[in-house]
Amino acid sequence: MPQHTSASPFSPQDFSMMSRALKLARRGIYTTAPNPNVGCVIVRDGVIIGEGYHHRAGEPHAEVYAMRMAGDKAEGATAYVTLEPCSHYGRTPPCAEGLIKAKVARVVCAMEDPNPKVAGRGIQMLREAGVEVQVGLLENDAIELNRGFIKFMQTGMPFIQLKMAASLDGQSALSNGKSQWITSPQARQDVQCYRAQSGGILSTSKTVMDDNASLNVRWDDLPQSVQAHYELTEVRQPARVILDRQQKLSDDLKLFSTEGERIIVSSEGDVCPQLDQSGKIDLAATLKAVATQHNINHLWVEAGATLASSLIKANLVDELIVYLAPKLMGSDGRGLIGALGLTEMAQVIDLNITDVRMVGRDIRITATLVRKEI
């Protein structure tokens, strides 16, 4: 159970029930995008009487499932919700209104909803109806669960995860370009999970053509732990977002014969690339256009050294996922990222390592970039 202090306005039961709500919310990580992952637990006299989570866009919200399960017992109960109940009519009615009608006495929210259509209005609606509302319990956990949704609502930009894989001496391929496979089957399974959690997979036409990559989620390659909890049709296929300014892609590639939306970024494609004053692709503006036009708030990047370095130089990478294989490939191999144009050690990019773990025989490092101009 998470730690709490005597100064906390929340009780041990509050922590326990919000932890349960967060656990429920995580069940939606492969299905809910572009909607947020939300869980709800309704408790009366210390007993859970209703619970649920949001499955996918257009289907009932977490609170609705929990209230259906609780029925009339919800009167006088406490509802624990990982995100502020919505207050507006969208594909579904407002959950704040439903909680009021159910006569819930108290609502505990992990965090406010960053959606401008909500942004505290759900909390206000509940309080005006006489419902006690507390906000901020396990807030950091709730934020971590919906990083893409939050960033998109606040900035219009998607949350960008850059995946890289290399030998222990930092090479991503042999000098002839061969790279299958540097990492272990377990690491490649892990990548499938990351793909499935994203709204889109970003790559380039060069990477797609070099590898004849499909860039989709392959059900048979997902871990048994995922297959055991989801149906094949439940796990979403993220959109494949391909930068193809020179329009080199051909119809015979696997990209065009496998399941999943394709978003081609080219002058005659689905999204027109945004250019800077020098005529080069403005990655920030282009990816913002992709996110806005196609409702994608989380991009998983699988590409070569050039795009990796361009994203890093543009300060667009929110998180790095790096797989290091226990192999040596030599200095004549291809490096992990392209040139950054650094001339002073003060310019070197610092990383905050947030997680290190073994995945099969490989080391997986999760890190964030310390923001500074290059």
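Glycine is no exception: its Cβ is also placed from the backbone N, Cα and C atoms.
Remember, predicted model here, so these are calculated numbers, not experimental data.
Classification of Glu63 (active site, proton donor) by DSSP places it within a helix. TrEMBL lists Glu63 with the feature active site, proton donor.
What TrEMBL lists as Zn(2+) binding site is His61, Cys86, Cys95.
Counted within 10 Å of its Cβ, the other Cβ atoms near Leu307 (NADP(+) binding site) come to 22, all protein chains included. The NADP(+) binding site annotation in TrEMBL covers Ala165, Trp181, Arg195, Thr207, Asp211, Gly304, Ala305, Thr306, Leu307, Ala308, Ser309, Ser310.
According to DSSP, Leu215 (substrate binding site) sits in a coil region rather than a helix or strand. Residues or ranges marked as substrate binding site in TrEMBL: Ser179, Leu215, Arg218, Glu302.
The feature domain 'CMP/dCMP-type deaminase' is assigned by TrEMBL to 12-134.
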Could you tell me how many residues in the domain 'CMP/dCMP-type deaminase' (12-134) are helical, how many are strand and how many are coil under DSSP?
-> 45 helix, 24 strand, 54 coil
By the DSSP assignment reduced to helix, strand and coil, which category contains Leu307 (NADP(+) binding site)?
-> helix
What Cα-Cα separation, expressed in whole Å, is found between Glu63 (active site, proton donor) and Arg195 (NADP(+) binding site)?
-> 28
Looking only at C-alpha atoms, tell me how far Cys95 (Zn(2+) binding site) is from Ser309 (NADP(+) binding site), rounded to the nearest Å.
-> 43
